[in-house]
Amino acid sequence: MGVPTNFRAILLATFVAFEPHSGRVVGFLFGYDIGVISGCLIMDDFVDRFGEPDSSGVFILSPSRQSIITSLLSAGTFVGALAQAFTSDRFGRRGSILIWSAVFTVGTAIQTATVRSLAQITIGRFIAGLGVGAMSAIVPLYNGETAPKAMRGMLLVLYQLQIIIGIFISYIIDLGTHTIKGSASWRIPVGLQMLWGLILLSGIFFLPESPRHLLGTGKEDEARRVVAELNSLPEDDPVVLETIEELEYGIRAENEGGKATWLECFSERNKLWKRTLNGMMLQFIQQLNGQNFYYYYGDTFFKSAGTNLSPYAIQAILGGVSVAGTIPALYLIETWGRRNSLLTGSVMEAVCALIAGLVGHFTLAPAGTPADQLTKRNRQGGDTLIAFAVLHVFSFSVFWGPTPWVYLGESFPLRVRPKAIALGSATNWIWNFLLGFFSPRIANDIGPLILLIFFGMLVFGYVYVYFFIPETKGLSLEEVDEMYRAEVKPWNSANWRPSEKHIHEKAGTATEVREEKDSKDEDSV
């Protein structure tokens, strides 16, 4: 019996984070698209082309136009996250990645080619959003089905890391191009997305299809080749055969009820309603952690502390903090586990939000106060708020940023996995849209006290995770399914182990399935 090295598994499963030939990243591509527009909105040429004149004849981007340009991406991501469930089942995970990568590239080309049409750039944003939303669901799905279980969490965090790096690099490029005269100031950062998309499209052809999907569609020989390749073993090696048998057993059990429907995601069967609700709730809580608020209002906070940094520099600082925070998550997700990461993050972020909100409310000077009029109390309060804002963003990046996506990618059986992940991803994007739409209005009325809303959500998040989110670290997707069926209490889940009886029965039943299939093949001959 050979010893699986997992080298090929790691290489192929992490393609969705690193493109093996160019070093560019898929997650990077999506993060870049999300982050690049914020800098463009305050570039002079962009405002002149897509803004409207005010009473004095100066062109400005009104809040309504900014909302249209930014929110259309979120609208597209919501639709794309749901739509990928149909392509993932019909065309496979690999084919679906190819389709939505092409959609994304088309959307970025439309944006880059825009001259002065607000409608064209918003339509391009929507189309690009379709690709972003779809891929935000497909990537956890694909990595969850192809990665070795001992490294699945780390690989999904790696994808999140590349999203953060993409956002950070977009801020750096905006910082570097915003002084260029003419449309190149925004066309360069926006147009670079086409290059990322084309690199992604060229690399997709090196990806194997998910072995679980291949078996689910009756392509056993191809599934065996993929499993052998992922483990760097011959196709007839006992490790490969046992892996195929285990997958066949799980798929057979999952498919006994026929083709899955959207309603099944909320059914009692295998506690699917609970698993779907958990996935959606984690995405909901993640968006209301408060970290995005600092990106929206970091400029105001830094100025209240007396800094003269530009909005571009402030974005770059917060982006760098996010990158630094996601790196330790690669290790912690497999050592502390999913559950402990979420609980720890809730406490750390809640403390930061509470202190920053109260200090900001009671000590900051009114917005727009000249720097030479700031008192010592104003400056100390601003410094304190900035410190806890940075710590909040860092804590989010370590814990609540990647972990909900990891959990979403490993919580569902094959038959409903694309649909359940689609529901979780769509929840993330709809709340991302609502947060971006409403938080500026709320903050305009109550200022830093909006952070107390996020504090309350983080307290709620701690309670919800403690009572409803089980630990899935180190379990195969089939073992996660068994744990839910066994109705293990979440607070006891870290010590739960799959039953030996279940494992032996699985192997035996899978062998019977194989023998029955071979018998039918011989009869047909």
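Yeah, the Cβs are placed from backbone N, Cα and C, and that goes for glycine too.
According to TrEMBL, the protein has these features:
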type     : residues : note
DOMAIN   : 19-473   : domain 'Major facilitator superfamily (MFS) profile'
REGION   : 499-525  : region 'Disordered'
TRANSMEM : 68-85    : transmembrane segment
TRANSMEM : 97-115   : transmembrane segment
TRANSMEM : 122-142  : transmembrane segment
TRANSMEM : 154-173  : transmembrane segment
TRANSMEM : 185-207  : transmembrane segment
TRANSMEM : 312-333  : transmembrane segment
TRANSMEM : 345-365  : transmembrane segment
TRANSMEM : 385-408  : transmembrane segment
TRANSMEM : 420-440  : transmembrane segment
TRANSMEM : 446-469  : transmembrane segment
* **Paired segments the transmembrane segment (345-365) and the transmembrane segment (446-469) in contact, 3+ CB pairs under 8 A** => yes
* To do: Select the range from 122-142, 154-173, 312-333 that forms the most Cβ-Cβ pairs under 8 Å with the transmembrane segment (420-440).
  => 122-142
* Structure fact -> Between the transmembrane segment (154-173) and the stretches 68-85, 97-115, 122-142, 312-333, 385-408, the largest tally of CB pairs under 8 Å belongs to 312-333
* Given the model, what does the mean pLDDT over the domain 'Major facilitator superfamily (MFS) profile' (19-473) come out as? -> 82
